[in-house]
Structure formats: C-alpha cells, structure tokens
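To start, the structure under review is shown below, and the notes come after it.
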Amino acid sequence: MSEAEARPTNFIRQIIDEDLASGKHTTVHTRFPPEPNGYLHIGHAKSICLNFGIAQDYKGQCNLRFDDTNPVKEDIEYVESIKNDVEWLGFHWSGNVRYSSDYFDQLHAYAIELINKGLAYVDELTPEQIREYRGTLTQPGKNSPYRDRSVEENLALFEKMRAGGFEEGKACLRAKIDMASPFIVMRDPVLYRIKFAEHHQTGNKWCIYPMYDFTHCISDALEGITHSLCTLEFQDNRRLYDWVLDNITIPVHPRQYEFSRLNLEYTVMSKRKLNLLVTDKHVEGWDDPRMPTISGLRRRGYTAASIREFCKRIGVTRQDNTIEMASLESCIREDLNENAPRAMAVIDPVKLVIENYQGEGEMVTMPNHPNKPEMGSRQVPFSSEIWIDRADFREEANKQYKRLVLGKEVRLRNAYVIKAERVEKDAEGNITTIFCTYDADTLSKDPADGRKVKGVIHWVSAAHALPVEIRLYDRLFSVPNPGAADDFLSVINPESLVIKQGFAEPSLKDAVAGKAFQFEREGYFCLDSRHSTAEKPVFNRTVGLRDTWAKVGE
C-alpha cells in the first residue's frame, strides 16, 4: 500500500488539501494544546493522533503547547505526564515545548489594545452577577453598569488589577461585544480574571491570568498555526476566536475547525468524574488499569500501536457518537495476537499427578508463536506433578466438553496424552488432586493406535512453577453509558478487578513491565509496573482472547 493510500480520509484532510492546492497555505502547522490539570485519556489520544498525524503526513509541524492559564488547577506533574504520553504514543513535537504562559506579556499588550479601541472594559460585578446579567438561551443579557467606562478609566483599573489592587472576584476584564447576541459566548466574555496563585512557569510575576478563549486564538496566531483543530463543544467559541483576532493587530489569522469528541462505552471521560473515582478510592490512581487514561491503558498492557490503530478506525467526523468498547479491545487483541509471545499460566490451579511417569522430569520444546517460527522456541520443564486449571476437569461431562473428564483422555499442550483415573477430595468435597496415567509415546504426536484425542489443555510443572498474582481486569462499569446514570458510582462493575493466585511457567520470571504475553487459552497479560516484585510477579489481564461481553449484550 502506498503512503497516499495508507492515509486516512476525512473532512479536515479535505480542507487541508484544498488549502494547499489553492495556495492559501504552503505548509501545514497544527498544535496539541492540553491544559496541565490532569492525566490524558483515550479521548485526548484521538486529538493527538489527529494533530500529530496530519503534521506527519503533510510533512508539516505540530506544536505541543500547554494551556497553562489557571495556576490553581495546574501542576508540573501533569506537564511531565502529558509529555511522556505523547512520546509513548509515537509522536514528537516541533521545536521546544511551548506554554501559553510564554505569551503572557503579549497577551497583556493585546488586552490593552482592545481597551484602547473601546472593545474591552473592567467590570466590578461579582461572578454571580455576571452570570445573572448574561441571560439565557431564550433571554438576552443586559449590560453591566460598568460597561461604558472611559478608555482612560479602564486602562487605570486594568493596571490596578495587574498590580494586585483588587481582591479575587472583585474585578475582571471583559470584551465589549453584544449582550443581546444569540450566542452566549459573545455576551461580553471575561478576558482576564484575578488569581493570587503561584504559577508553575512564571512564579508570582502575575496575579491576573487570561481566559482560555482569549489566550488560545492569540497563541495559535503567534505560533503560525494554519489549522486549529478542536472538539465540537468549542463550535460556538469559534465566533469569539475570530472576533479577538479580527480586532487586534496580528499578522496571522488561523482558522478553527471542529470535530466530534470520542465517547467510549463502559467508561467516563469527564475529568470531574475521573477525579472522583481516584479521590474516593474506587480505583487506586490515575494509572489504574481500569481507567481510560493513557497511563492506565499503558499499565494494563495496551500498546501505542493499538491505540493509534483505534483512532484511525473510528475516524474523524462532525457527528457525535459513542464507540463500542469492543472496538478498542479488538485493536489490542489483533496487535497482541500477532506480536505477543506465548506462555503458560494456570489461574485457578488444581494439582494433577501422573502416576506412571518415571524419572525426575524433562524439557519439552514449545514455539513462542504458533505462526511465527522466527520468534523462536523455548524449553519448558515437565514433571510427574503439574498444575492445571480447575475449569479444565470434570468428573462427568457431555460431549461438548473437550477437556479432561474422569476416565477419558486429553492432550497436555506440546506434551503427552493423559487419562484421568481418579480424584482425591477434601472434607468439603472439593477436588484437591487428580490422578492420571500418560501415554509415553505421545510426546507432541498422535497415539500410535490412531485413537483420536480432541481436547488440549495447558499446564505448569509443579516443581518448577513460578507463583504469580494474576489481576483479571474488566470493564469498570456494568452499563454502556455510566455517565447517564443518576449516580454513576452506583454502576461500577463489582467484577472489574478479580485477583487470583496462580502458577506460571518459569520463563516468566524474566518478564519486564509492559511486555505482553498471551497466556495460552486465557488471554493477553503483561507484568504490572507498580506491584510486581522479583519474589511475586503480578500480571495484569489486558484483554481476553475473545469478546465475552458480546454474549452479555445479546
């Protein structure tokens, strides 16, 4: 497939193609502008892939700019986390990391220009009064009594704000546009507010901070952004974006284009709700493998390639829709099926003893991937006592059950055919040991007499087993749209994390965090980066071998 054929097609790329063909632009310059007040989630991944992907495909540039205009909510911890997430996803920003705070001096000068043009004024209404005066979707707003102050008075008052002469909430700078506008965003929006808080980049230099809508468009223009891409909730804000740039002296006027945000089933994207999950300890942190954060997905075992593929598949449109969780899971399942080496682990172990097996044991050869001989093979120890999964044995079963049944045969993966002879139980009637015999002439081959053995189960040698903790992660919520519930916390899936103590083949003692494996017949797993120790590895289930939720929804 050629490079052109491999590129996704969407309405934004069509606009860019037209702009380049007409000569409106000779290059493409985009940006990704997160606020450093939290961790990025899968919705941000869509924006990252769009902005950086466009720059990559058109051989342009993409800036990473932190919209750091609210020092109360922001932290350098989030800055570093976001930079790490962007790089982990496989993208690199153009030049240095940028901050909106880099432009605070220019933004202040542009605010003064608007005051001098009679297009901005210092308002002393309280925040509550400003909301009241703004009106509603059906009722126009009304002018502030401070709206008609002179230019000189507004300049003096704005300087007083700058010098710390007002308390927080006692004054702000507003644009003078139209309080009767059908668009609430155009009803004299606030441009600057007072916050006595230390800023992670500028320290205590400023006590007035520009609002997002004032900062964003000017930052785009100062950086020479050609296509400013944002989600649909900012559609009305485009009017203010254009108004600001039309009324200041700036040589470049970027254009804003909106696309639909990513909504994903069985999770929430609201920063407030995600924060509540963390602070109320429903999850163990922002990187909990059940969270939709990029750090959570990474810890769970999602690869950057699978997330990029997911963003490519869902596409870019202007129509809001909700994506099935199965779509995301399908991307990682396909990736790991292709690339993850195989290993054996028993999640719910029961002891199996092969009574006629002689000797200390032996090594059996197993391929690391059944379809990729280039991935090599490994030696796995086999002995007379092994662990198998409790679900792989029944005393009685129908013909559909293809695993081990009392009096019948099954094959041990890449080893021998065995037959269950008897069981031993505890006082409560639970099976503690399964006693078997084996056919010594069936190591990785069919029985010589031609009898058919259909079932295959996995196993781990008891003498060589690595004790492991296995964390079976599942969807965090039990309903597709938890955000619609009166209390979204009430629909948390109680089975979203089930912890098991099992055994794994000894090769897994060399596993490293983030390295994925297919535990044969169980699913895809990776070593946990937070809880694993050399003595007790912890493996997280990334995704099952198939979509078990599909049956639930039928």
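Including glycine, each Cβ sits where the backbone N, Cα and C put it.
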Stretch carrying motif ''KMSKS' region' according to Swiss-Prot (options 18-22, 268-272, 348-352):
268-272
Look up motif ''HIGH' region' in Swiss-Prot and report which of 34-44, 287-297, 375-385, 419-429 it refers to.
34-44
Euclidean distance between Cα atoms of Tyr212 (L-glutamine binding site) and Leu262 (ATP binding site), Å:
21
According to DSSP, His44 (ATP binding site) sits in helix
DSSP three-state call for Tyr212 (L-glutamine binding site): helix, strand or coil?
helix
Calculate the distance in Å between the alpha carbons (Cα) of Asn37 (ATP binding site) and Tyr212 (L-glutamine binding site), and round it to a whole number.
14
From the binding-site residues Glu35, His44, Thr231, pick the residue whose C-alpha lies nearest to the C-alpha of Tyr212 (L-glutamine binding site).
Glu35
Sparsest-packed among the binding-site residues, when each Cβ's other Cβ atoms within 10 Å are tallied, from Asn37, Thr231, Ser270
Ser270
